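Reviewing the structure listed below.
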Amino acid sequence: PQIHPSLKNNRHPGRSTPPRERDREDSRPGGAMAKQKQQQPKPAPADADAAPPPPEFKTAHSPWFTYASMVTLFTLCPPFVILLWYTVVHADGSVARTYEHLRDRGILEGLKAIWPMPTVVAGKIILGFALFEAALQLLLPGKRFEGPISPAGNVPVYKANGLLAYAVTLVTYLSLWWFGIFNPAIVYDHLGEIYSALVFGSLVFCLCLYIKGHVAPSSSDSGSSGNAFIDFYWGMELYPRIGKHFDIKVFTNCRFGMMSWAVLAVTYCIKQYEMNGRVADSMLVNTALMLIYITKFFWWESGYWCTMDIAHDRAGFYICWGCLVWVPSTYTSPGMYLVNHPVNLGPQLAISILLAGILCIYINYDCDRQRQEFRRTNGKASVWGKAPSKIVASYQTTKGETKTSLLLTSGWWGFSRHFHYVPEILAAFFWTVPALFNHFMPYFYVIHLTILLLDRAKRDDDRCSTKVRQVLEDVLQQSTIQGCSWYLLNGVLCNSGEESN
């Protein structure tokens with residue numbers, strides 16, 4: 001994002017975002033953050049109370065579990081993308097058939113046999129889509145939006161044109177098909193090659209981000225942990241950009257990852273139509289719910305820029321490779337499965353699933369809307385026609401500064417912590433259930449999403465509990481649902497502008 005010169009290294013009025021846990025290592029004397037060219041604060045008088053030292057570096061899980069999971073994800077996710085595609089497209093959705101293939105040939109030889117090589121066609125499709133989305137990100141008009149103040153005191157500035165880019169993308173894609181200029185079925189026919197090219201190409205992209213973080217960081221929100229693998233995995237920069245206006249994380253997360261999800265959902269519909277001469281109601285329900293969810297995302301995109309993915313997670317393998325490869329492959333897998341496995345649900349069941357999914361997406365949106373309005377009005381906005389219930393939380397930053405946040409404990413946020421995760425998981429279930437229950441593979445995304453959000457909730461809880469543990473206990477006492485809510489339904493903001501989406 002553009003770092004506004006007048007706001008750089010100054011507090012944003014009414015907002016504060018303390019460093020996330022892994023940034024604290026870089027803020028120590030002699031750490032990478034100390035090497036950035038920043039104006040040093042004036043030394044305090046000799047008799048002034050010294051600020052407390054920064055806390056020790058911590059992870060959401062034990063260090064052993066954290067490092068083991070990093071290595072596991074780094075090594076297993078790339079081949080899993082190819083195995084998922086092969087299972088859904090070539091093994092009739094049967095995990096057993098894929099297992100038998102690997103068992104008979106051996107894991108390495110079996111994987112080599114099914115792994116498609118990147119092709120020129122795949123490269124052209126990826127490059128054309130990426131350049132088109134990059135151009136829309138830069139050229140389309142949009143309102144100025146300022147993100148939360150960063151750990152180093154920078155305020156990222158964005159151009160909020162995501163919804164317009166989304167509309168232009170879908171209209172252009174459908175127009176190319178309608179007028180016979182480009183057949184989206186080609187994308188499905190070369191899907192394995194596209195995923196293979198993304199797997200390798202995105203690794204190179206992440207390596208470039210790693211090098212850029214060392215030699216040309218975009219802002220003072222950057223630094224090294226001292227471990228090359230951790231820097232590559234978690235990233236070097238919080239807000240990397242090319243030039244002054246092209247934000248790399250907005251491109252990878254929103255304009256490539258989320259946009260490709262929508263494009264592929266439409267692609268699967270068109271492919272099924274060309275194969276069968278009609279689109280099954282199961283595919284229509286799946287596609288409609290996905291597109292409604294993605295439309296909600298781009299409508300709310302500026303809110304996403306204040307979440308953990310953008311405001312706390314640096315641009316590395318975890319975020320960028322995940323959005324460039326994992327999102328277009330695993331998130332779209334229910335629709336990919338339905339291409340060759342159409343299910344006739346019947347009007348009553350199809351409409352029931354559609355309405356249930358829309359309701360969940362709306363509740364998920366309304367949760368975020370309540371939270372944003374609460375922040376925007378400094379806790380004065382009414383919630384469900386009443387004055388909001390809230391908690392005033394005070395905490396100390398790693399620099400010893402005392403700050404205050406308002407925590408919403410009414411409306412949806414009065415039910416439990418991280419309540420908005422519940423309708424999000426249910427929405428994913430409803431756009432998957434049209435595939436029924438003949439195979440396990442379509443439900444991988446629902447399971448993955450549940451694990452992802454539980455881990456995200458724990459990371460958020462652990463980061464916040466180090467600052468406002470007593471406040472979190474008060475929040476739980478004010479929640480309608482208690483006990484299981486700490487991890488299974490976790491969720492009120494522990495800090496304005498910090499909570500994950």
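Note that Cβ sites are derived from N, Cα and C of the backbone, with glycine treated the same way.
Residues or ranges marked as compositional bias 'Basic and acidic residues' by TrEMBL: 18-28.
Summarising the annotation, TrEMBL assigns compositional bias 'Low complexity' to 34-50.
Residues annotated as region 'Disordered' in TrEMBL: 1-55.
Residues of the same chain lying 6 or more positions beyond the ends of the transmembrane segment (64-89) and with a Cβ under 8 Å from any Cβ of it are 95, 97-98, 111, 114-116, 191-192, 195-196, 198-199, 203, 229-230, 233, 317-318, 321-322, 325-326, 329-330, 333, 336-337, 339-340, 441, 444. What TrEMBL records for 64-89 (among others) is transmembrane segment.
Positions annotated as transmembrane segment by TrEMBL: 110-132 (among others).
If one looks beyond the transmembrane segment (163-182) by at least 6 residues along the same chain, the residues whose Cβ comes under 8 Å of a Cβ in the stretch are 132-133, 136-137, 140-142, 255, 259, 262-263, 266, 270, 294-295, 298-299, 301. The annotation transmembrane segment is assigned in TrEMBL to 163-182 (among others).
Tertiary neighbourhood of the transmembrane segment (194-212): same-chain residues 78, 81-82, 85, 115-119, 122-123, 125-126, 187, 231-232, 235-237, 240, 248, 315-317, 320-321, 324-325, 328-329, selected by CB-CB distance under 8 Å and a gap of 6+ residues from either end. As annotated by TrEMBL, transmembrane segment applies to 194-212 (among others).
Listed as Cβ neighbours of the transmembrane segment (282-300) (distance under 8 Å, sequence separation of 6 or more from its ends, same chain) are residues 162-163, 165-166, 254, 258, 261-262, 265-266, 268-269, 272, 332, 334-335, 338-339, 342-345, 350, 353-354, 357-358, 361, 364-365, 368-369, 427, 430-432, 434-436. Marked as transmembrane segment by TrEMBL: 282-300 (among others).
Here TrEMBL flags 345-365 (among others) as transmembrane segment. Outside the transmembrane segment (345-365), and at least 6 residues removed from its termini, the chain residues within Cβ reach (under 8 Å) are 281-282, 284-285, 288-289, 292-293, 296, 299-300, 412, 420, 423-424, 426-427, 430-431, 433-434.
Using a Cβ-Cβ cut-off under 8 Å and counting only residues 6 or more beyond its ends in the same chain, the transmembrane segment (110-132) has close neighbours at 79, 82-83, 86, 90, 101-104, 169, 172, 186-187, 190, 192-198, 200-201, 256, 260, 263.
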